[in-house]
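Below is one structure, written out as C-alpha cells; comments come after it.
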Amino acid sequence: MSRSYPPVSIIGAPTDVGAGHRGARLGPEALRIAGIAEALVARGVDVLDRGNLDGPRNPWQPPVEGYRHLDEVVQWNRLVMEAVLAELRDGRMPIMLGGDHCLGLGSITAVARHCRETGKELRVLWLDAHADFNTSQVTPSGNVHGMPVACLCGLGPRELTHLDGEGPAIQPSVIRQIGIRSVDEGEKRLVKQHGLDVYDMRYIDEVGMRRAMEEALEGVDENTHLHVSFDVDFLDPSIAPGVGTTVPGGPNYREAQLVMEMIADTGRMASLDIVELNPVLDSHNTTAELAVDLVESLFGKSTLMRD
Ligand SMILES: [Mn+2]
C-alpha cells in the first residue's frame with residue numbers, strides 16, 4: 001500500500017544573491033533536467049511546476065555593514081515568502097528549488113505563518129554542513145546564506161527578522177540541525193548561547209544516523225508541520241560535488257537515504273526546500289540526479305513494500 005501525498009507545487013527561485021560562488025541560480029533548471037517533476041509523478045504525486053520567480057540580478061558586490069546584497073536578498077525572500085504562503089493556503093505542498101540557502105528565510109517565514117494560522121506545530125529539519133547561524137558581527141564573508149537560521153530566530157537586520165511584518169518567525173527550539181561539520185568561530189558561541197539542537201557529524205559518528213534521526217523527529221505527531229530544508233552541501237562531497245561550499249566528512253549515500261526514508265515514515269513532511277545546488281561545479285549533473293533520487297525517498301520510495 002502506498003501513502004497518498006498532498007498535491008505538490010514546484011517553485012523555482014534562481015538566484016545566488018546570498019552565496020559566495022555564482023551558479024546556484026542555475027539550480028532549478030538542473031533539478032528539472034534531472035527529472036524532479038517526473039520522479040514525483042511516478043510516485044503518484046499530483047505535481048504543478050509554477051516556473052521560476054523573477055527577482056533582481058546578483059550585483060556581486062563586497063559587503064556593506066556586514067551584509068552582501070541585503071536589498072536583493074530581501075526582495076528575493078519576499079518573493080519566495082509570498083509564493084510559498086500562497087501554495088500552503090491553497091492546500092498544496094511547496095517544493096522550493098533554490099537558489100542559495102538565504103531563501104530558507106522566506107520559505108520558513110511563510111511556513112511559520114501558515115502554522116500560526118492553522119494551529120499546527122512547526123518542526124524544521126535543517127540538513128546542512130553548516131549551522132547558517134551567523135550575524136553581521138561574526139560573519140567572515142557577509143554572505144547571507146550563512147545567516148538564515150539566525151535571522152529566522154530574530155538575530156539580524158530588521159528587514160529579514162521581520163520579513164512578514166511580524167516578529168521573528170520561529171524560536172530556536174523548533175529547529176533540528178543534521179549533518180553539521182563546519183561552524184565559524186563566532187558562530188559557535190551564538191549556537192551555544194541560543195541552544196540550537198545540533199546533530200553534528202561527531203554525534204552521528206558516535207550514535208549512528210538512525211538514532212540521531214529518531215531524536216530529531218521525537219515528538220512529531222499528527223499536528224506537526226514538518227519542513228525540510230535540504231542544503232545539498234549536507235551530503236559528502238564525494239557523492240555531491242556540485243555545491244559551492246563542500247565540507248568533507250558528510251553523510252554517505254546510505255546515511256542520506258536513511259534520513260529521507262525516516263522523514264517519509266513520519267508522513268508529516270508538508271514543505272521542502274532544496275538549495276545550494278551549483279551546476280557550474282557539478283559533474284554531468286550527477287549531484288542534481290542524486291538530489292532527485294533522495295527526493296523520491298522523501299516521497300516514500302523504498303526497496304521493499306513497507307506497509
Ligand atoms: Mn545552508
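Cβ coordinates come from backbone N, Cα and C, glycine included.
Packing around HIS101 (Mn(2+) binding site) is summarised by its Cβ count: 31 other Cβ atoms lie within 10 angstroms of its Cβ, all protein chains included. In the three-state DSSP scheme, HIS101 (Mn(2+) binding site) falls into the helix class. Among the features that TrEMBL reports, Mn(2+) binding site is placed at HIS101, ASP128, HIS130, ASP132, ASP231, ASP233.
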* To do: Measure the Cβ-based neighbour count of ASP132 (Mn(2+) binding site), defined as the other Cβ atoms within 10 Å of its Cβ.
  => 26
* Asked: Within 10 angstroms of the C-beta of ASP231 (Mn(2+) binding site), what count of other C-beta atoms is obtained when all protein chains are considered?
  -> 26
* Run through the Cβ atoms and count how many others sit within 10 Å of the one on ASP128 (Mn(2+) binding site). => 27
* To do: Any same-chain residues 6+ apart from HIS130 (Mn(2+) binding site) with CB under 8 Å of its CB? Would you list them in sequence order, or say none?
  => GLY146, ILE180, SER182, VAL183, ASP231, ASP233, THR245, VAL247
